[in-house]
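The structure appears below as structure tokens.
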Amino acid sequence: MAELTISSDEIRSAIANYTSSYSAEASREEVGVVISAADGIAQVSGLPSVMANELLEFPSGVIGVAQNLDTDRIGVVVLGNYEILKEGDEVKRTGEVLSIPVGEKFLGRVINPLGQPIDGLGAIEAEEQRVLELQAPSVLQRQPVEEPMQTGIKAIDAMTPIGRGQRQLIIGDRKTGKTAVCIDTILNQKANWESGDKSKQVRCIYVAVGQKGSTIAAVRQTLEEHGALEYTTIVAAPASDSAGFKWLAPFAGAALGQHWMYQGNHVLVIYDDLTKQAEAYRAISLLLRRPPGREAYPGDVFYLHSRLLERAAKLSDDMGAGSMTALPIIETKANDVSAFIPTNVISITDGQVFLESDLFNQGVRPAINVGVSVSRVGGAAQTKGMKKVSGSLRLDLAAYRDLEAFATFASDLDAASKAQLDRGARLVELLKQAENAPQSVEHQIVSIWLAGNGHFDTVPVEDIRRFEFDLIDHLHAAVPQVFEQIAGGAQLSEESQAALVAATEDFKRTFQTTDGTPVINEPEVAALSADQVKKNTISVKK
């Protein structure tokens, strides 16, 4: 009988091979259960290790954001159709915080706050994912705002200038032209985009919060018709969306803008409007049973807007010198700028443009109240030429408003006051602009300089806008070198000023006013009296 031998090495090797190839089918996974779901909020039990703002996955692919982390339950903001959720549904952790895809291919597209396309043009190829709650640049990563962000609107570029990296609030009652001002600013970037110069190009993001779907479609159509959609992305959270989408939409726009800013590009982000975002956040907070404060807003509503708007910056040269300019819109009620949300955002931003319903109804459009509007960046964000010609414009208009109120009750005015009233009325008319018709900075400087120096004083008020439009065309043909000089960043030289005056006087001789009165002051010739005329007798020889 053969002797049985046992090799310990063979046994050890066999066990090692078996254990290395073995894979356990069981795995550990945290699972929660839906307790209730209503009004866009789900209460979930379980998930003891969940993080704040972590994404949670519900059945049917619906996702939510963990907000309230209580000891026995979690308050979740549902991003999607909450009506399909029911009690007892399983909830899983994803281990991820909310982020959106970003990239160059998002230009020209309409997306929702999750970065998903909603324009029916197919999927978008993303470069990377970017977290929505991204930290704003630190103090050392910034530099002062000094580059102008031209809006194409004379009243803003001259008196409340906006710089790249600035946060300028657009505030006013409903239907006063707030969105129109921002859309004109986007349209005015077309020439810079077509130049192909990265230092001039501005990528635009329009964030629509709580707007009607038809309004968002109209904005998209306007941008497309004017050739501005190719450098613009629309982030849409219409009124039909849940409060969660309206709350996150501005952060999605900021995340996309920061992606381009950190690449060294210039970005313009328009938040239309933050009042509706605050109302959506208030609704979420009340449904989550957080303690209400003033006007039922939660205590951190100031932080909601400050952490969003602080992400706008002009980066230092070491960081690539990119910029992100923010134009938040706030809607007031009865021109009350002292309400809770308006005062919050005014204190966060670097200035405000106040649009007044009374001016709008009087036909002054854009209806900018220059007395209340201010830019804390000021002349640092203006070209040299604009800074020089617009220096006295605000004072002239303020003096005109005071004198206009006084003249209502005064019967007689001296010649100087009457002249100031006449010029003020022409300046107000000059600052009016049609919608979707932004003007280049060269046109603005020439028009404001000529009007401020009295060259529009003889033009009837009702003809000012037509006179300006036709005059600019004439000056382009007569003195093109002046526009080239201004476009290069220089001030108006004495030679250029003389050339402008001469060309303007030539144009006045051919301009036809509505009532037929001449617009050039020809020297008056007094008629001779009868005794001054020497009578000669003419004799005719037959």
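The backbone N, Cα and C atoms fix where each Cβ goes, glycine too.
Predicted, not measured: the structure shown is a model, and the values here were computed from it.
Summarising the environment of Asp173 (ATP binding site), the number of other Cβ atoms within 10 Å of its Cβ, over all protein chains shown, is 18. Marked as ATP binding site by Swiss-Prot on the basis of sequence analysis: Gly172, Asp173, Arg174, Lys175, Thr176, Gly177, Lys178, Thr179.
Secondary structure at Ser373 (site 'Required for activity'), as computed by DSSP, is coil. Residues within less than 8 Å, Cβ to Cβ, of Ser373 (site 'Required for activity') and separated from it by at least 6 positions along the same chain comprise Met159, Thr160, Gly351, Gln352, Val353, Phe354. Residues annotated as site 'Required for activity' in Swiss-Prot, with sequence analysis given as evidence: Ser373.
When Cβ atoms from all protein chains are considered, those within 10 Å of Thr176 (ATP binding site) total 26, not counting its own. Cβ neighbours within 10 Å of Gly177 (ATP binding site), excluding its own Cβ and spanning all shown chains: 20. Counted over every protein chain shown, other Cβ atoms within 10 Å are most numerous around Lys178 among the binding-site residues Arg174, Lys175, Lys178. Reduced to three states, the DSSP call for Thr179 (ATP binding site) is helix. Secondary structure at Gly172 (ATP binding site), as computed by DSSP, is strand.
Neighbour list (Thr179 (ATP binding site), Cβ cut-off 8 Å, at least 6 residues apart, same chain): Val219, Asp272, Ile329. Annotated ATP site Gly172, Asp173, Arg174, Lys175, Thr176, Gly177, Lys178, Thr179; additional same-chain residues within 8 Å of its Cβ mean position, judged by their own Cβ, are Glu331, Leu355, Ser357, Phe360, Ala367.
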